[in-house]
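Taken from TrEMBL, the feature domain 'Endonuclease/exonuclease/phosphatase' covers 41-295. Positions annotated as Mg(2+) binding site by TrEMBL: ASN44, GLU81, ASP197, ASN199, ASP294, HIS295. Under the heading active site, TrEMBL lists TYR157. Under the heading site 'Transition state stabilizer', TrEMBL lists ASN199. For HIS295, the entry in TrEMBL reads site 'Interaction with DNA substrate'.
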Amino acid sequence: KSASPWTLLRHKKPKPDWIAYDPSTMRPSSPPSEKNLVKVISWNVNGLRACMKRKNELEEEGSVLARLANSEDFDVLCLQETKLQEKDVEAIKQKILGGYSNSFWTCSSSKLGYSGCALISRIKPVSVTYGLGISQHDGEGRVVTAEFDTFFLVSVYVPNSGQRLERLTYRTTEWDPAFSTYLLELEKRKPVIVTGDLNCAHEEIDIYDPDGNKRSAGFTCEERTSFQTNFIDKGLVDTFRKQHPLAVGFTYWSYRSNARPQNKGWRLDYFLVSQGLVSNVADSYVLPQLDGSDHCPIGLIIQTEQ
């Protein structure tokens, strides 16, 4: 077994020109310019307290988030699946990333200890909103939107269709269209960056075993079609796939099958951007070496002005 399993191409149906994504060799050596660059990191932590407890890191110094901040020096951190309750947020905020003075949290009110998103920033947003503004979709704390000077940044945790696909219809016929409409309304004002766990491996290159997961949540035909129809066909661009059209780079590995050491994963986490921002993207990348969750962080470096 490799100490860096993500550097080994693992796929059950690889095409001859596919390669394994290795951030140590496939990231730009330096951004084109340090001027007006914003770095955003996104991470589904699968329970923020559990993520830090796994590493016995409840304090700020040496915590997994502090180490991520030190190594990546990000401007904005988006978290999904925090699984916090409103009463827990203030105490957690005091323990993590003291240098980032702007933080915004949304929690599930319909089911406690479930879902939840956060956006933590050293840049003060112009405004912040929560949810889609539709009560039937907003009880699970899945969306935080921050307006900055030149773009909107949306941190989202898209609903999982469930082990038995019990939420598949809701996901593909209600949630995805509503979220798509919400983004299109934002785009009328400013370009949009969407990031988070979108709970869909869009193409066969995005999942280790495509044939074995055709009726698995996150890779059904319905979800992949919905992803294409509601996001890609509406003009949003998958920045990682744009930059690395032939790279197999996963962001999620199941705990149950010990998949991570074997790099048998899925790409469920994305940065999607409006067409007008595509040329501003300096890097869109994955950080598979950082554990603490069944997902790994992803990053985007974008130039806010040409």
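Using the three backbone atoms N, Cα and C, a Cβ is placed for every residue, glycine included.
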Integer Å distance between the CA atoms belonging to TYR157 (active site) and HIS295 (Mg(2+) binding site):
13
Within 10 Å of the Cβ of TYR157 (active site), how many other Cβ atoms can be counted across all chains shown?
25
What is the separation, in Å, between the Cα atoms of the residue listed as 'active site' and ASP197 (Mg(2+) binding site)?
5
So which other residues, same chain and not among ASN44, GLU81, ASP197, ASN199, ASP294, HIS295, have a Cβ within 8 Å of the centroid of the Cβ atoms at the Mg(2+) site?
ASN46, GLN80, TYR157, TYR252, LEU268, ASP269, SER293
Tertiary neighbours of GLU81 (Mg(2+) binding site) (same chain, Cβ under 8 Å, six or more apart):
ASN44, VAL45, ASN46, GLY47, SER115, GLY116, TYR157, ASP197
Give the residue from the binding-site residues ASP197, ASP294 that has the most other Cβ atoms within 10 Å of its Cβ, counting over every protein chain displayed.
ASP197
Given a separation of at least six residues and a C-beta threshold under 8 Å, show me what packs close to ASN199 (Mg(2+) binding site) in the same chain.
TYR157, VAL158, PRO159, ASN160, SER161, ARG171, ALA217, GLY218, GLU223, LEU268
